[in-house]
Amino acid sequence: MAAPWEDVLCNEPALREAASVAVDAALLEGVLMRTEGEPNASDVVNYAPFTLLPSTVPSALFEQAYAVQQDFNLLVDAISQNKEFLEHTLASTVKVDDFTARLFRIYTQVLEEGLAQSVFLGINRSDYMFDCGVDGTPALKQIEINTIAASFGGLTSRTVAVHGQVLKVLGKSKEASHLLPNNPSKGLALGIVKAWELYGSQSAVVMFLVEEVQRNIFDQRCVENELWNRNIRVIRKRFRDVFEEGSLDDARRLYMDGQEVAVVYYREGYVPKNYDQQNWEARLLLERSRAVKCPDIATQLAGTKKVQQELSRPGTLERLLPGHAEAVARIRATFAGLYSLDMGEEGDKIAAMAIADPDRFVLKPQREGGGNNLYGEELRQVLEKIRDSPERTSYILMDKIKPQPAINYLLRAYSPLQVSECVSELGIFGVYVRQGKEMVMNRAAGHLLRTKAIEHADGGVAAGVAVLDTPYLV
């Protein structure tokens, strides 16, 4: 997939000039992050890392990713309502993975008590790479689906303008005009607005549940400002604030500082380090409340890697989405090979296969946030260590996707401008709102392209590996 600006890749003076313009454009547009040195202060900020040039994406695969997003929204929602499926699928995982087990305990406790929540809001992001098969034809293959704290919908809304400016500076105005508009922050906000409206209290607030360290605050502010623009009050609180200030009334309405909370939007709570005992108690309080949680704990469990692996088994999608044969076909077409490492003969064979040929696979733990997957020699060493232990059931094995690398420049603060061989990952944001059994909103809400140098096997933008990008459809 040759880019229509390959002729300028060898013109170093032009690229240096373009990089200088790009950095200023990113600052002007608000493609910003706080610094590592002052992660909770906006006195000094820098641009979020991004590519100098947009990356080419096959238009057919881009359209396929958008077309299947509503199907994935339906699937995630169906899983979240299926207690039997979650219990069966996560039975082996909760025995060996304490984090998933604690989430699951809260899930069962809240179900036994009876759900106070009647409106459900899902904001997810389905991530894909373009796998070049034996014949070199690229195919869309899903990496994972993120059902909690799916980030960068805000900043990616602002990168199109930056890349458009770069192309113009390089004399590619026609190409600049072909970049697609993209505004996930508005799409995500519309889902939150609909959930807030259905909750039914004009005076209630939306609460962003945020981390102790908030480097990526501007990404969240993009969504937040969309809500303020609609005169919906937003408060930002941490788990410890919920523990200290949160309370439920007799109707299980949630109050923070005396303010009723309609929607809790999680930008925190997806990895074990987010929790201590107080934070677990705060999470339980939130889950017991009537407030619309995004996600509720069932939807967070629906996004675990073990569920992803179970979905690839024959017949599973049909059971979860009866009467949706076309949706099932669209979803299944995106699956890469996924394998169970459960104890038993089948799991033993899979483990032996991966140890014998580790470069064919990726070993994935039940973790979000990037930087957790294992490849190559590291994969082999870990699997050899745990091959006879139930600990192996807390991982899944997936075929390694092999995309075609492309040349680009990755712009990072204080880093020299240098050419890199890169691969990209396309994420499609999905938003749905359900009231009782009725789906009242189900849509794709924009896209996110992240690109990284091929020497980095794993990790996203927040993990410091990938950078923001803009797709150029070919």
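Placement of Cβ uses the backbone N, Cα and C atoms for every residue, glycine included.
Note: TrEMBL annotation is automatic and uncurated.
If you check TrEMBL, you get these features:
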BINDING   ARG125, 148-151, 214-216, GLN220, 267-270, ARG450, 461-462  substrate binding site
BINDING   GLU144, LYS305, 364-373, TYR375, 398-401, GLU425, LYS452, ASP458  ATP binding site
BINDING   GLU144, ASN146, GLU368  Mg(2+) binding site
DOMAIN    204-302  domain 'Glutathione synthase substrate-binding'
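Among the binding-site residues ARG125, ARG215, GLN220, GLU268, TYR270, the residue whose Cα lies closest in space to that of GLU144 (ATP binding site) is ARG125. Of all the binding-site residues in the list ASN146, PRO365, TYR375, LYS452, the shortest Cα-Cα distance to GLN220 (substrate binding site) is found for ASN146. Note: the domain 'Glutathione synthase substrate-binding' (204-302) comprises 40 helix, 26 strand, 33 coil (DSSP; helix = H, G, I, strand = E, B). Comparing local CB density within 10 A for the binding-site residues ASN146, SER151, the maximum falls on ASN146. SER151 (substrate binding site) and LYS452 (ATP binding site) are 17 Å apart (CA-CA, integer value). The distance from the Cα of SER151 (substrate binding site) to the Cα of PRO365 (ATP binding site) comes to 20 Å. Reported as a whole number, the C-alpha separation between ARG215 (substrate binding site) and PRO365 (ATP binding site) equals 25 Å. In this structure, the C-alpha atom of PRO365 (ATP binding site) lies 18 angstrom from that of ARG125 (substrate binding site).
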